[in-house]
Amino acid sequence: MTKQKAPTLQTVAAAVGVDVSTVSRVLNSAPEHRERWASPATVKRILDRAAALGYRRNPHAASLRTSRSQHVGVLVPRLQDFVLATIFEGIDAAAFEHGYAAFVTNSLDDPGQRESRVRKFLDRRVDGIIFADARADDPLLEKLAAEGVSFVLTSRTSGNFVGAFADDRHGGRLVARHLAESGFRDIAVIAGPDYASTANLRIAGLRGGLEEAGLDLDPSRVVRTGFDAAAGRQGVEQLLDTGSTPDAIFATNDFAAIGAIGGLRERGLRVPDDVAVVGYNDTPLAASLSVPLTTIRSPMVEIGKSAFALLEDVLGGAKPESVALEPSLIVRQSTSTARTRRQ
């Protein structure tokens, strides 16, 4: 029995009655770009005929024609982090939809590991890179830009490099507004490291929001630790060791907030009756704690999808602008006290 040959671009073009180049451009473009090459009616005919014939794109042949690998690299500090894993879900979904494969690696926020992993990506001929571990002062990004490497950022900002992010400053302002309107006056912050824009922008937003409410954020009430539960516990110890207990604590990450709640409990303080606590990111655990956590929710999957869309624009020669998606406040029991109920 003779094996039937797989349909080719030429087969589809002959069936539709258009040039092979038109078929190639339509079938190899992202859905939103297909009508650049043909009318909507012709695009539909090409897609319908390709499906009916059982045409399958050959990524290896396409990469030889375009010098593209259809691969993108993604660097994250730790993929076990819920936020970064969820952002990567968005990147991966968008990449797959547009004919790309996304590969992720952990940098552990270590400058040496970051660069070695970037070089490995480039050795594997990725078309571009998405950084979720950018630093406030980031010489690696400057170096890659000078080398002509295509990349965008997500999660963390750095300088004027393009990326897709949550509007963390606005998120911090939402926290300030909620705490001020709830009657809290002595507010402390457990912040992540100063090289992470996520922490810096959330603090800046909080400070600005408190100023709008006629309140100040005492610099001595801001402690720098990290983004995990151990860091949150450490932050509480530093705050309470001053001999003064704040009304409320804003932890710039949910896991740090969870650690802070544990640290307060160890000191005999109750949440929210003695100290209110606010987190950031609305991880699944936040709503399931014994005292459900007030937090800020960001559209993480959409951030990831937007990051890939920006990278695709860059690869196409465009100069897109950064995207900042709006977060929202999720109020739960950790900030609900007698004073808030009297408001």
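FYI, residue positions are counted from 1 along the chain as it appears here.
Here the Cβ of each residue, glycine as well, is placed from N, Cα and C on the backbone.
Summarising the annotation, TrEMBL assigns domain 'HTH lacI-type' to 7-66.
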The domain 'HTH lacI-type' (7-66): mean pLDDT?
80
Helix, strand and coil totals (DSSP H, G, I; E, B; other) for the domain 'HTH lacI-type' (7-66):
44 helix, 0 strand, 16 coil
